[in-house]
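A.B. asks: A single structure is presented below for examination.
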Amino acid sequence: MINDRETLDLVPLSLPPGAPAVAWQVSDALVPYPEAIAAMEARAAAIAAGQAPELVWLLEHPPLYTSGTSGKDGDLLIPRFPLYASGRGGQVTYHGPGQRVAYVMLDLKRRRPDVRAYVAALEQWIIGTLAHFNVRGERREDRVGVWVARPDKGAGFEDKIAAIGVRLRRWVSFHGIAINVEPDLTHFSAIVPCGVTDPRFGVTSLVDLGLPVTLQDVDVALRQAFEQVFGPTADAGLPADDAALLR
């Protein structure tokens, strides 16, 4: 069943014309998870205090697992890589090279203080990004994230191509989304991804779907689709201390 979040009005998630653009930062090197968390928390606090602009930060992590606030002990089947308690919503997932993570730090008090509408907007952003590659991403009522139908695997089979996990502090968001471009999908076999145990529902990536897509291709699509949902962006001009953290 299609998720009723699809019916939410997304227009209020963008700011009025003339509002400051969202800073857009891309890290080329792998970013350790603890470093990313520290940078996000510092930036979110600065945004809440009116001392920094909103930010979208694109990066890759080294191979690791993270557990959200709904994670269960049994979700990690094989401790192949480090497991971090993330504080975001959701359960256990994998991050690693070939997966584009986008950490999103927006002031929802100014945009729309509505968590449900924000998650719907993130889903729409992902769906718009996938559409650039002629991939139909879909919401599901009982499963978070964005899914693609896999009729090649059988009737009713679907694979998750993008994950969502968010946290808010003083109505500033952090954490965000992860789109599988070309990660090693075998690493998902060491966990119960996002708590989904039904064998009809797996994990896929753009390359797994047969598309010769690079991270750089996805970055372009992400930025265009983001602006359609949330409004204008601008290349981040970070202070020296922030640049050290954000690569």
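Our numbering is plain: 1 for the first residue shown, then up by one each step along the chain.
Including glycine, each Cβ sits where the backbone N, Cα and C put it.
Here Swiss-Prot flags 50-234 as domain 'BPL/LPL catalytic', drawing on sequence analysis. Swiss-Prot lists Arg88, Gly89, Gly90, Gln91, Val92, Thr93, Tyr94, His95, Ala163, Ile164, Gly165, Gly176, Ile177, Ala178 with the feature substrate binding site. Annotation source Swiss-Prot lists site 'Lowers pKa of active site Cys' at Lys160. What Swiss-Prot records for Cys194 is active site, acyl-thioester intermediate, and it gives sequence analysis as the kind of evidence.
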A.B. asks: Need one number: mean pLDDT over the domain 'BPL/LPL catalytic' (50-234).
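C.D. replies: Taking every residue in the domain 'BPL/LPL catalytic' (50-234) and averaging pLDDT yields 92.
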A.B. asks: State the three-class DSSP label for Val92 (substrate binding site), counting H, G and I as helix, E and B as strand, and everything else as coil.
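C.D. replies: DSSP assigns Val92 (substrate binding site) to strand.
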A.B. asks: Express the distance between the Cα positions of Val92 (substrate binding site) and Lys160 (site 'Lowers pKa of active site Cys') as a whole number of Å.
C.D. replies: 14
A.B. asks: Do me a favour and check the Cα-Cα span between Lys160 (site 'Lowers pKa of active site Cys') and Tyr94 (substrate binding site); whole Å is fine.
C.D. replies: 12
